[in-house]
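Visitor: Before we start, here is the structure in question, set down as structure tokens.
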Amino acid sequence: MSKFVFVTGGVVSSIGKGIVAASLGRLLKSRGYSVSILKLDPYLNVDPGTMSPFQHGEVFVTEDGAETDLDLGHYERFTDTAMTRLNSVTTGSIYQAVINKERRGSYNGGTVQVIPHITGEIRERIHRVAANSNADIIITEIGGTVGDIESLPFLEAIREFKNDVNRNDVAYIHVTLLPFIKTSGEIKTKPTQHSVKELRSIGIQPDLLVCRSDKSINEGLKKKLSGFCGVNIKSVIEALDADSIYSVPLALKKEGLCKETLKYLELEDKECDLKNWEALIHNLRNPGDPIKVALVGKYIELGDAYLSVVEALRHACIEKKASLDLHWVSAEMIEKGSAETYLKEVDAIVVPGGFGNRGVNGKISAIKFAREKKIPFLGLCLGMQCAVIEWARNVANLPDASSSELNPDTPNPVIHLLPEQEDVVDLGGTMRLGVYPCRLTNNTTGKKLYDEDVIYERHRHRYEFNNYYKQSFLNSGYKISGTSPDGRLVELIELENHPYFLACQYHPEFLSRPGKPHPLFQGLIKASQEKLTQSN
């Protein structure tokens, strides 16, 4: 039977609950326990799939095609465990399920209320993850901040949850902030005391406090928090600001987070094996020469919009003992100026996914610059589509080529709508989503990098390469490195006579892990290092 850990946050938003949950997952897994982590998000959207990246950041896609919160990416990267659509729950999806049940008559004519029906549905979702994953420990992160109106149903649900199981099957962790007041030179505990008081008023007594701070917390402060918040002093965990999110598990291990959690769950504190993780942090803190990577996008004002891409680059740099020097380049600024102005000093160029016309011509200019100047290049999803358009216009004698998404009237739609998407009206959850197989072509860079005949990658798109133009592309020097097993869909392309020029229709960034970098990102960094060595 599974045990359950609930992670709440107080005082301020963006306190780091997701990293705490993911770090605890890593620590538990290092002790031999299986873990699954789910996120309860208190917004009314059914999922983040239709939300602006400026509002929500990246949409993380799971193996089974769910469009989820970016925290699920942290969960997967830290625990190296695949999550599913069950691991992402929103207020919108809960209300939708309850209303659908009411319409079907599932409540036998009863009055449908927040308590017990909404809270009951939330508890059911948590139990469903336990049943589906069969994990030893289920960690649940509750989005928002204690005191927010929209979080109340979730907090009530996790309060009720302890009645579904034995008390020693549940642990409550509250992540909070201890602000340092510069004028007085003091760390203040009062905001945390009030946050815990608010949590207690709902009926939840936290078992552990994880205290975020940029200053070290002495024993006196821990004793004070223990007394005012009713938490064992050993369960007051210091969480100092870290140099990297990947160093957080080691810091929390030192503070005893995992040991104390296991104590409340009455589970054995097994021997912890973090040798590989420690080696990872050593390489991270002792990098070699920097690699200047330009990320050319349309949402660069919010770095979280490309979170998995950045982490995948970081994983590859750690593996190759390089330092990541990331240059955020606005595709729209390239349109107003020139690609050379923004890209002449970089060692590699990445064009990530996206939607819509804005910034596309800037991306195409960046790709042309990478191709002509022999700069290692990787295109992802829309990045591949832009690479196809660039080649068609500048090499394959199709100057008016475009995508039917960007220009429905183009006479040469080298990128067109997938046939199964033609009658789709709704936006949410209707794209080609989730894992699909890709057969790699022999004697290609792609095949060499993966060293597999068939790979499985995650997708999120409606448009694809138009096979009507396949032969003209092949004749003009393009290589198709990977297709769907039936050969119908082009998934990976590359150029010969270039240090590294690959573009894929899928999202390889979702499968990159610390210590297990994705082959396409690893290949990009390696090619950049080799080019730098040759130029020196």
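Here, residue 1 is simply the first one shown, and the rest follow in order.
Using the three backbone atoms N, Cα and C, a Cβ is placed for every residue, glycine included.
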Visitor: Among K101, K224, K234, which residue does Swiss-Prot annotate as binding CTP at the site that also has S13, D148, I149, E150, K188, T189, K190, P191, T192, Q193?
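Guide: Swiss-Prot names K224 for this CTP site.
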Visitor: Since Swiss-Prot lists S14, I15, G16, K17, G18, I19 for ATP, which candidate among D47, D64, D69, D71 does it give for that site as well?
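Guide: Between D47, D64, D69, D71, Swiss-Prot records just one in the ATP site with S14, I15, G16, K17, G18, I19, namely D71.
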Visitor: For the L-glutamine site that Swiss-Prot assigns to G354, L382, G383, M384, Q385, R462, which of the candidates E332, E405, E494 is also assigned?
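Guide: Given G354, L382, G383, M384, Q385, R462 bind L-glutamine in Swiss-Prot, the matching entry from E332, E405, E494 is E405.
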Visitor: Looking only at G354, L382, G383, M384, Q385, E405, R462, which the record lists for L-glutamine, tell me the maximum pairwise CA distance in angstrom.
Guide: 14
Visitor: Non-local Cβ contacts of G18 (ATP binding site) (under 8 Å, 6 or more apart, same chain)?
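Guide: Within the chain, G18 (ATP binding site) has Cβ neighbours under 8 Å at K39, D71, H74, Y75, E141.
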Visitor: Which residues, same chain and not among G354, L382, G383, M384, Q385, E405, R462, have a CB within 8 angstroms of the centroid of the CB atoms at the recorded L-glutamine site?
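Guide: Going along the sequence, the neighbours come out as G353, F355, C381, C386, S403, I415, H461, Y463.
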Visitor: Near T189 (UTP binding site), which recorded positions out of S14, G354, L382, G383, Q385, E509 have their CA within 10 Å?
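Guide: So the list is empty; none.
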Visitor: For UTP, with binders S13, K188, T189, K190, P191, T192, Q193, K224, what's the maximum Cα separation in whole Å?
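Guide: The two farthest binding residues have Cα atoms 24 Å apart.
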Visitor: Determine the mean pLDDT over the domain 'Glutamine amidotransferase type-1' (292-534), rounding to the nearest whole number.
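Guide: 92, rounded to a whole number.
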Visitor: Taking the Cβ of K188 (UTP binding site) as reference, which residues of that chain separated by at least 6 in sequence fall under 8 Å from it?
Guide: L178, P179, F180, I181
Visitor: CA-CA, which of the recorded positions K17, P191, K224, E509 lies nearest R462 (L-glutamine binding site)?
Guide: E509
